[in-house]
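According to Swiss-Prot, the features are:
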- Ser8: phosphoserine (MOD_RES)
- Ser11: phosphoserine (MOD_RES)
- Lys39, Arg331, Thr515: UDP binding site (BINDING)
- His205, Arg211, Arg331, Glu510, Trp512, Gly513: UDP-alpha-D-glucose binding site (BINDING)
- His291, Glu292, Gln294, His297, Lys301, His501, Arg582, Arg586: alpha-D-glucose 6-phosphate binding site (BINDING)
- Ser412: phosphoserine (MOD_RES)
- 634-737: region 'Disordered' (REGION)
- Ser641: phosphoserine (MOD_RES)
- Ser645: phosphoserine (MOD_RES)
- Ser652: phosphoserine (MOD_RES)
- Ser653: phosphoserine (MOD_RES)
- Ser657: phosphoserine (MOD_RES)
- 658-681: compositional bias 'Acidic residues' (COMPBIAS)
- 682-695: compositional bias 'Basic and acidic residues' (COMPBIAS)
- Ser698: phosphoserine (MOD_RES)
- 698-714: compositional bias 'Polar residues' (COMPBIAS)
- Thr700: phosphothreonine (MOD_RES)
- Ser710: phosphoserine (MOD_RES)
- 715-737: compositional bias 'Low complexity' (COMPBIAS)
- Thr721: phosphothreonine (MOD_RES)
- Ser727: phosphoserine (MOD_RES)
- Ser731: phosphoserine (MOD_RES)
Amino acid sequence: MPLNRTLSMSSLPGLEDWEDEFDLENAVLFEVAWEVANKVGGIYTVLQTKAKVTGDEWGANYFLVGPYTEQGVRTQVELLEAPTPALKRTLDSMNSKGCKVYFGRWLIEGGPLVVLLDVGASAWALERWKGELWDTCNIGVPWYDREANDAVLFGFLTTWFLGEFLAQSEEKLHVVAHFHEWLAGIGLCLCRARRLPVATIFTTHATLLGRYLCAGAVDFYNNLENFNVDKEAGERQIYHRYCMERAAAHCAHVFTTVSQITAIEAQYLLKRKPDIVTPNGLNVKKFSAMHEFQNLHAQSKARIQEFVRGHFYGHLDFNLDKTLYFFIAGRYEFSNKGADVFLEALARLNYLLRVNGSEQTVVAFFIMPARTNNFNVETLKGQAVRKQLWDTANTVKEKFGRKLYESLLVGSLPDMNKMLDKEDFTMMKRAIFATQRQSFPPVCTHNMLDDSSDPILTTIRRIGLFNSSADRVKVIFHPEFLSSTSPLLPVDYEEFVRGCHLGVFPSYYEPWGYTPAECTVMGIPSISTNLSGFGCFMEEHIADPSAYGIYILDRRFRSLDDSCSQLTSFLYSFCQQSRRQRIIQRNRTERLSDLLDWKYLGRYYMSARHMALSKAFPEHFTYEPNEADAAQGYRYPRPASVPPSPSLSRHSSPHQSEDEEDPRNGPLEEDGERYDEDEEAAKDRRNIRAPEWPRRASCTSSTSGSKRNSVDTATSSSLSTPSEPLSPTSSLGEERN
């Protein structure tokens, strides 16, 4: 099946204000997800970062509904009394009938109100509700699948809550219920089955069957049309889960996915074309470092260098000033996340650097949590040796400084032969002896429980990257999430990313991809693929992604070997960049953070909610998408300072000046003039055209005023703003032809 990329009709900056005429005074939004105040995966990040923008739009009429977990409530939620009489009556009614429902405020930016349903306390009704689910939806749930049983309990409790809230409300409300993922989907199906007056939205962040198929080494994207979905789900013993997901997708008034690539996947696996694509954003303010992100990179890199000094003690025969730090991070899905491709490319990169006599060294980190039982003793010893050497050096330095001070105080130059005594030399020799090491530095920082069958370690043994002195590429596998309290690498994830030079995410299955997005907003170049939602989004909106530090690896139309070769080419060309070029590229990368801000991507969610309201309450709301001229489409321009040929960006002299290497002064251009990133950004923005907003929404009820939200007012700036929700309904049809 051909998977052609199509541009959005109106994309990006310079947009006029969105004249949103929806009156939300009598509308209430409930966002339902298993990961509300309950960190499990990426949906938690979506909800957490989007909460402020959604709260600005809906105000006190915005609520999140999730499961009650003791850990989550203790650390993330402040329990409160219900703020309205209708809500208080709803909670009291449910609690009096054997449920346990809690209300509070989620302690994140925006402070959204949350309703937490205790799933375990309602287990007494599980069998009855499973019977009702079978009678209503013909979906049977086996007793042994605890996660699916929890989904049934959560779905029935959610529907009970929404129905009770509508019954207890004295005025007629227009309720929107937005359900995320299959774990919350049963509630949506029951809302429709019980004919509750609720506008429903279902968002799938990744299809169940797609994730299972890709993990099984299937040629997924070339066979989407050919899968017997019922058979495939049954063979993997997830048929009941698949039915939950598919039923929710078909029952929803509006069905959305997080990326164009997932929209195509949903069309064939869930048998419904998504109405809108709702890309995931980030709270860019959280990562904002003003103009100091270059300095933050240097500070964070210094923390990583300290770890490297300890880890490679005894084999530290490479120059840390000429060392680049690459990393891959995420869930430990060896093939889906592209760790197999990355390792193969590192082996080829190692060969290229060695045969070309490069002085550059690459340290590649794999941050993927796996089953371990403790830290590696050699790794701990390395950090202890490093700290001991540092203490020894400081002791000698203090003694040397004191003698130098005394000598200068009396007006004479010191005798250098007497500055250090025999004890000092003995101390230093002991320190040098402590750095002697017979074995190679360890590849893994922890003791793995299944060392012999671990896919990363098995591949490393095959390709022979053992951190030997001859290798220009070193590998460090850190099978645990990063923490600032770790005795090995005491940095949190954000600080670690800032200190690296390149994030590598060659995923085969990645519906969106928050890791490269986080790199972008922190000004760190990254490699993504055209099979990830993020990669497709950036490829669609940027004329020359690589010039901005966004490298898009082709895994759609290339074989695995060709993809490895292309990734090797990306890595090798990055290693050939000068420090000056990397500084300029980081500036450009950081500028793209505007593309990923919820202030702009939040419009897609707003459009989905307005579409749902118009479908559920057509007598009060209308939603009329207008076709836009394809010529209005816009892609972020190529940077004005990028030369037409890479050869023109090389130095005429093999040596760089100190001015060029100082990020505080800014790098020099080829003619010797100072490079000004703000001036370059202004040039880009002058090229931006302002396409007309392609659709209008309105409210036909007899209310006087309309509620302008902060998301709309933010568009008066000239930052990069997506103009319309990407509707895959037409483009998916084109891709089938």
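Every residue, even glycine, has its Cβ placed from backbone N, Cα and C.
Features recorded in Swiss-Prot, as mapped to the structure shown.
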| residue | record | contacts (Cβ under 8 Å, 6+ apart) |
| --- | --- | --- |
| Lys39 | UDP binding site | Gly72 |
| Lys301 | alpha-D-glucose 6-phosphate binding site | Tyr325, Gly499, Cys500 |
| Ser412 | phosphoserine | none |
| His501 | alpha-D-glucose 6-phosphate binding site | Leu324, Tyr325, Phe326, Ile524, Pro525, Phe574, Arg582 |
| Glu510 | UDP-alpha-D-glucose binding site | Asn336, Lys337, Ser528, Thr529, Leu531, Ser532, Gly533, Phe534, Gly535 |
| Trp512 | UDP-alpha-D-glucose binding site | Gly42, His205, Val258, Ser259, Thr262, Pro279, Asn280, Ser532, Gly533, Phe534 |
| Gly513 | UDP-alpha-D-glucose binding site | Phe505, Ser507, Ser528, Ser532, Gly533, Phe534, Gly535 |
| Arg586 | alpha-D-glucose 6-phosphate binding site | Phe293, Gln294, His297, Gly523, Ile524, Pro525, Gly549 |
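Listed binding-site residues: Gln294, Thr515. The one with the lowest count of other Cβ atoms within 10 Å of its Cβ is Gln294. The Cβ centroid of Lys39, Arg331, Thr515 marks the UDP site; residues of that chain outside this set whose Cβ lies within 8 Å of it are Gly41, Gly42, Thr45, Ala329, Gly330, Tyr514, given in sequence order. The two recorded residues, Glu292 (alpha-D-glucose 6-phosphate binding site) and Thr515 (UDP binding site), have Cα atoms 21 Å apart. Surrounding the centroid of the Cβ atoms of His205, Arg211, Arg331, Glu510, Trp512, Gly513, where the record places UDP-alpha-D-glucose, the chain contributes additional residues within 8 Å, namely Gly42, Ala206, Ser507, Tyr509, Pro511, Tyr514, Ser532, Gly533. The binding-site residues listed here are His205, Arg331; among them, His205 has the most other Cβ atoms within 10 Å of its own Cβ. Distance from the CA of Arg211 (UDP-alpha-D-glucose binding site) to the CA of Thr515 (UDP binding site) is 18 Å.
If you count neighbouring Cβ atoms within 10 Å for each of the binding-site residues Arg211, His297, Arg582, the highest count belongs to His297. Max Cα-Cα distance over the annotated UDP-alpha-D-glucose binders (His205, Arg211, Arg331, Glu510, Trp512, Gly513) is 15 Å. Looking at Arg331 (UDP binding site) and Arg211 (UDP-alpha-D-glucose binding site), their Cα atoms lie 12 Å from each other. Glu292 (alpha-D-glucose 6-phosphate binding site) counts 13 other C-beta atoms within 10 Å of its own C-beta, drawing on all protein chains shown. In the three-state DSSP classification, Glu510 (UDP-alpha-D-glucose binding site) falls within a strand.
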